[in-house]
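Lifted from TrEMBL, the feature list:
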type	residues	note
DOMAIN	1-249	domain 'Plant heme peroxidase family profile'
BINDING	3, 5, 7, 19	Ca(2+) 1 binding site
DISULFID	52-245	disulfide bond
BINDING	94	substrate binding site
BINDING	124	heme b binding site
BINDING	125, 169, 172, 177	Ca(2+) 2 binding site
DISULFID	131-156	disulfide bond
């Protein structure tokens, strides 16, 4: 999450299976070449000083700012992992098919409460998801606006076309704003786990609050991102500073 140790950037090798091909990441995570380009420039100017983990954390913050969202102070000094865990990526990353109790439990296991869960989920105001991640919702669920469901089905048939994409936020897909929460109130959450945040449960009040209070959302999102970036980072002499983000140093 948010580049704590850059383990997700490691490519598979003949004797190592990383996190890129784990079920939540395979054919979903993108932009690795952007990080490669940044790392190349940084290494040319300041070799063996800035970790891939720090680059990821800064890029996450600056991407949000570029799209109109809040800024936050990124603490630097992380080091890069020399390994990754395919199994942990499969088991620890919350599934898009989870109901609210399981989402609350997954985030609680990492030290986040329900309000922080909702704030961090607000990152879905940008980005896209594959058809395979919302097919069941578009075709079979009832807690979905009928017109919205019909538009999704036109792009995501009952079978096939797994890699067709739809925006997580149908209103303003390229702006970091509160439209995501307004969508949930109208039953227009793309993923099952999105709509689970507004379905007569304990998260409803937070969704409603953020939908009409951008400053509260921005403030809480920034604070939660800082908290997430501090989840057991490698510092000091732990790990390494990779010269190539895709592989450990020789």
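Placed from the backbone N, Cα and C atoms, the Cβ positions cover glycine too.
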Of all the binding-site residues given, namely 5, 19, 94, 169, 177, which is spatially nearest to residue 245 (disulfide bond) at the Cα level?
5
Within 10 Å of residue 7 (Ca(2+) 1 binding site) by C-alpha distance: pick out those among the recorded positions 52, 124, 156, 169, 172, and say none if nothing qualifies.
52
8 Å Cβ shell about 125, 169, 172, 177 centroid, Ca(2+) 2 site members excluded:
126, 171, 173, 175, 176, 178, 179, 180
Rounded Cα separation (Å) that holds between residue 19 (Ca(2+) 1 binding site) and residue 52 (disulfide bond):
15
So for residue 7 (Ca(2+) 1 binding site), how many other CB atoms are inside 10 Å of its CB?
22
May I ask which of the recorded positions 131, 169, 172 is closest to residue 124 (heme b binding site) if we compare their C-alpha atoms?
169
Sort out for me which one of 125, 172 has the most neighbouring CB atoms within 10 A, since those are the binding-site residues we care about.
125
What Cα-Cα separation, expressed in whole Å, is found between residue 169 (Ca(2+) 2 binding site) and residue 131 (disulfide bond)?
14
Sort the binding-site residues 125, 172, 177 by C-alpha distance from residue 52 (disulfide bond) and give me just the closest.
125
List the Cα distance (Å, whole number) between residue 172 (Ca(2+) 2 binding site) and residue 131 (disulfide bond).
19
Take the C-alpha atoms of residue 125 (Ca(2+) 2 binding site) and residue 156 (disulfide bond) and report the distance between them in angstrom, rounded.
20
Measuring CB to CB from the residue listed as 'substrate binding site', give everything in the same chain under 8 Å that is also at least six residues away in sequence.
102, 103, 106, 107, 193
Lowest local Cβ density (other Cβ within 10 Å) among binding-site residues: 5, 19, 169, 177:
177
